[in-house]
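Trainee: Copying in the features that Swiss-Prot gives for the protein in this structure:
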- 1-19: signal peptide (SIGNAL)
- 20-126: domain 'Ig-like V-type' (DOMAIN)
- 28-130: disulfide bond (DISULFID)
- 38-104: disulfide bond (DISULFID)
- 82: phosphoserine (MOD_RES)
- 130: GPI-anchor amidated cysteine (LIPID)
């Protein structure tokens, strides 16, 4: 009986870990805020447990998430939004003191080791502005619609009028 329970538990864990994966983590600057876009897959029925953290000088600082307790110094500076396959964290008043390696990690539940994570090293003077990234990287449907509309208008000779 114990063997059957162990096998069932192992299969459940394998199924969940296969269905939850961080696909990318990007960083950019919006005004004076750092924006972290954590894109992920979730093909399992289990809810996603996640954590954003900063490692600076070998010390890990939890910023936000459902795993771990965010440090007091970051609580008032973070703003979080979530979509189906993306978690977005804003860190306001970003300065060179906030430079380091940022991590987005997915967990099974509680304080278990992460099943998937991505890192990005952030340096203030190397950050790009988000405006150029967000239009194309987050929502390309409007661009596709515009291109198709222009082709349709050109095909109907509307452009030559």
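Glycine is treated like the rest: Cβ placed from N, Cα and C.
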Trainee: Write down the Cα-Cα distance for the residue listed as 'phosphoserine' and residue 38 (disulfide bond), rounded and given in Å.
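Mentor: Cα of residue 38 (disulfide bond) to Cα of the residue listed as 'phosphoserine' measures 10 Å after rounding.
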Trainee: Quick one: give me the count of other CB atoms within 10 A of the CB of the residue listed as 'phosphoserine'.
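Mentor: There are 12 such Cβ atoms around the residue listed as 'phosphoserine'.
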Trainee: I'd like to know the mean pLDDT over the domain 'Ig-like V-type' (20-126).
Mentor: 91
Trainee: For a three-state summary based on DSSP, what are the helix, strand and coil counts in the domain 'Ig-like V-type' (20-126)?
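Mentor: Split by secondary structure, the domain 'Ig-like V-type' (20-126) comes out as 10 helix, 63 strand, 34 coil.
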Trainee: Could you give the Cα-Cα distance between residue 82 (phosphoserine) and residue 104 (disulfide bond), in whole Å?
Mentor: 13
Trainee: Could you tell me which of these disulfide-bonded residues, 38, 104, 130, has the fewest other Cβ atoms within 10 Å of its Cβ?
Mentor: 130
Trainee: Where residue 130 (disulfide bond) and residue 104 (disulfide bond) are concerned, what is their Cα separation in Å, rounded?
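Mentor: Computed Cα spacing between residue 130 (disulfide bond) and residue 104 (disulfide bond) is 18 Å.
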Trainee: Taking the Cβ of residue 28 (disulfide bond) as the centre, how many other Cβ atoms fall within a 10 Å radius?
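Mentor: Residue 28 (disulfide bond) is surrounded by 19 other Cβ atoms within 10 Å.
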